[in-house]
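What follows is a single structure, written as structure tokens, with notes after it.
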Amino acid sequence: LPLLLEATLLRLASGSHHPFYNGFYYNHVMNDKGNGQEKDVYFNGARLVVETPKDPIYSSNGANVTLPCHYHYEPYQEAKRKIRIKWSKLRDDYTKEQDVLVAIGKTHMAFGDFKGRAHLHQASQREASLVISDVHLQDEGKYRCEVIDGLEDESDVVDLQLQGIVFPYQPPRGQYSLNYHEAERVCQEQGAILATFNQLFQAWSEGLDWCNAGWLADGTVQYPIRLPRKPCGGLHLAPGIRSYGPRHRHLHRFDAFCFSSALRGEVFYLDHPAGMTLEEAKQSCQDAGAEIARVGHLYSAWK
């Protein structure tokens, strides 16, 4: 047995044998200098390249949006196998992915909330673009387009941003009465979701100035200040987003910053000389072929 093993190793070490072939040739795994520095590994002598737009793609609630993604080989070659395409939605910290869609050839499957709303757009031979129908507020974020050819796996990221409005919300029972989960619920009741930091920062850059602190989607509590003043942290602090950092989602109570998509329609005022109760106002709006406005509608109309 030792002699047989030694003979086998000698035959493998000789330069006369052919490399093992399993559908791919592994080229240049290590460089020739023997210093341990790795080189790129290309299969079949070609590199797979995946390309997506570097600028964000903008959309709005209820619209349809296409996230472009294309791939090719350098140098050019025809694909010899069915390509597998996978789309995932990333967390802001890239620690977790949500499956959106996988496809092989003409067969594809969407997952979770994307079922019935996500499919591939393949107008050209090397296209792997994702179409999302009836865009939801929760769809905003970064998406990974991954192309898999045998053992090669390359990807790139598309940033989907929704056009909309951030508005502070304080419930009828008063200031600082919401824990995180209650803040999520009241935003949903307003046809909105808790805003992200990026959405709040964008609103601040467009002029939002609000002294009360509110929950954001990541569980932090912050507030935007354009004009420093004593009741809002003091005169000595610069304008910007003031942060209390992460707070306990059950115990601590603040207001909420909600995000809703841009207004579709218009807000108009119904005047009644004697005034109206809430139920009378709702009925009057229905009689006018409308619905009573939410807080987000009013902020969107004001903006």
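Just so it is clear, glycine is given a Cβ too, placed from its N, Cα and C backbone atoms.
TrEMBL: automatically predicted annotations, no manual curation.
According to TrEMBL, the domain 'Ig-like' annotation covers 47-158. Per TrEMBL, the feature domain 'Link' maps to 165-260, 266-303. Here TrEMBL flags Cys211-Cys232 as disulfide bond.
Of all the disulfide-bonded residues listed here (Cys211, Cys232), the one with the fewest other CB atoms within 10 A of its own CB is Cys211. On the 0 to 100 pLDDT scale, the domain 'Link' (266-303) averages 92 in the predicted structure. Helix, strand and coil counts from DSSP across the domain 'Link' (266-303) read 18 helix, 0 strand, 20 coil. Secondary structure of the domain 'Ig-like' (47-158) per DSSP (helix as H, G, I; strand as E, B; remaining residues coil): 6 helix, 60 strand, 46 coil.
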